[in-house]
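As structure tokens, the structure follows; a few thoughts come after it.
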Amino acid sequence: MVTRKMDKRLWSLQGMTALVTGAASGIGYAIVEELAGFGAKIHICDISKTLLNQSLSEWENKGFQVSGSVCDVTSHPEREKLMQTVSSIFDGKLNILVNNVGVLRGKPTTEYVADDFTFHISTNLEAAYHFCQLSHPLLKASGYGSIVFLSSVAGVVSLIDCGSIYGLTKGALNQLARNLACEWAKDGIRANAVAPNVVKTAQSQSFLEDVSKKEGLLSRTPLGRVGEPNEVSSLVVFLCLPAASYITGQTICVDGGLTVNGFSYQPHA
């Protein structure tokens, strides 16, 4: 019989540490709120100093243990500096790495230029890959490590409006989660990916304001609506909890049923 004491341990992040990238707004912000609610001590980074300071102030008023750094994740030196800061704050140990930061420039494939490719790869994929490398010794030292990648349904099925480069970066994150789950299991580190459908954030606002695009998306989504940030953050944080200790290498869609709903692509003549 499982005791109440054991139940609390399984559903608590008390005493654990976390790094969440791009977390001053949107889904990242919701992830921080959820992690803090379970007792984690968190460090975040964001490229916007204004948003970072605003969010840190809000969390301080709520009594959350959150610190933050301004960081351009496309910069190799800035990524290294961030991890040095994290190591110093958390005494060389880290339990949770959430690779949340991501960008999207949706275009037809023939219209992409070299800068678009570099922009997506460096932000969505290279940064996440490098953060995993840098955090490995800290995650291993903690004795309980969990990596969560914020992927997308665009990395699972073809979503033309998101663009091919965005889709390939998210698909790569799903595969990276599988590889790390196998390679780093011996070090006590799990890795999973969470793949949301379109979620109500500032980043998705222009898409949702396009009536035809929004209607097209909702017609393929069984639940008939877009997601909320907290509907994604709840799964992200679950994957970090001891209760999820046997889950690794998975890509889990938070999509209102989009990826299991059959639909046909009809190209324009």
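Positions of Cβ are set from backbone N, Cα and C atoms, glycine also.
Worth saying up front: this structure is predicted, and the values here are computed from it rather than measured.
Listed in sequence order, Val20, Ala23, Val98, Asn100, Val232, Ser233, Val236, Val237 are the same-chain residues at least 6 apart in sequence whose CB falls under 8 Å from the CB of Ile31 (NADP(+) binding site). Positions annotated as NADP(+) binding site by Swiss-Prot, on the basis of similarity to another entry: 19-43.
Look at Ser152 (substrate binding site): DSSP puts it in coil. Under the heading substrate binding site, Swiss-Prot lists Ser152.
For Tyr166 (active site, proton acceptor), the count of additional Cβ atoms within 10 Å of its Cβ stands at 23 [all protein chains shown]. As annotated by Swiss-Prot, active site, proton acceptor applies to Tyr166, with the evidence given as sequence analysis.
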Alpha-carbon spacing, Tyr166 (active site, proton acceptor) to Leu19 (NADP(+) binding site), which is rounded to whole Å
23
Measuring Cα to Cα, how far is Leu19 (NADP(+) binding site) from Ser152 (substrate binding site) in Å?
20
Tell me the Cβ neighbour count for Ala23 (NADP(+) binding site), meaning other Cβ atoms within 10 Å of its Cβ, over all protein chains shown.
29
